[in-house]
Amino acid sequence: MSVRTLAVAPGQGSLLDQVDDLGLRPLGRAVTRRVLDHGAWVDVRPGWVTGSRTLLEHLLDAVPWQAERRRMYDRVVDTPRLLRFYAEHEPLPHPLLVAAREALDAHYAAEPAAEPFATAGLCLYRDEHDSVAWHGDRIGRGATHDTMVAIVSVGAPRRLLLRPRGGGASLTLPVGHGDLVVMGGSCQRTWEHAVPKERHPTGPRVSIQLRPRGVR
Ligand SMILES: O=C(O)CCC(=O)C(=O)O
């Protein structure tokens, strides 16, 4: 599916997106952790990818985006975003994603639930109408074991919401322009996350989710 019509409007990126070369800033102490209830945690590293507008434009063009269809009652409908899943050992669509995966493996090597990040799920939110509903990544081991899911965002900022699975106040993380969020501990089974639709016009955002083997 071509998404060439989603070209990024001039001035749409942040200033940093436009002036910096494509690259990765250090992780280290720039990563801040928020400890959540029930053994979950979330790490944030704003602006991890520099020059992320270049990466956005490349991914919009080079990734063979696919629409996914879901049954809803008696109808089959398109899910409101485009997707492409890269299995373990499948070449990734840009070398920066390989560098990001290696940097994350090194940074999180000492975590109790450390495992190499193996797969990459890419999602394209074309505009403010695209979204993903509340869910945890509970296909596979995320349903029973602590794990980590790293999300790198390029393009227009959206809101990533997290809430305890049984209900409770949600927290909101802005994600776009090269930001990194890592959900860890029990987050996939005790918390849910969502990217809601927005009311105001929003440009494209690509979310790159890196997961260990057997987590989806
Ligand atoms: O857009 C995001 O960053 C979240 C995507 C997500 O939760 C998923 O695809 O499972």
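Any Cβ shown, glycine's included, is placed from N, Cα and C.
Please treat TrEMBL annotations as automatic predictions, because they have not gone through curation.
What TrEMBL lists as domain 'Fe2OG dioxygenase' is 116-214. The region 'Disordered' annotation in TrEMBL covers 195-216.
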Remark   = Over the domain 'Fe2OG dioxygenase' (116-214) the mean pLDDT stands at 95
Remark   = Its residues classified by DSSP, the domain 'Fe2OG dioxygenase' (116-214) shows 7 helix, 52 strand, 40 coil
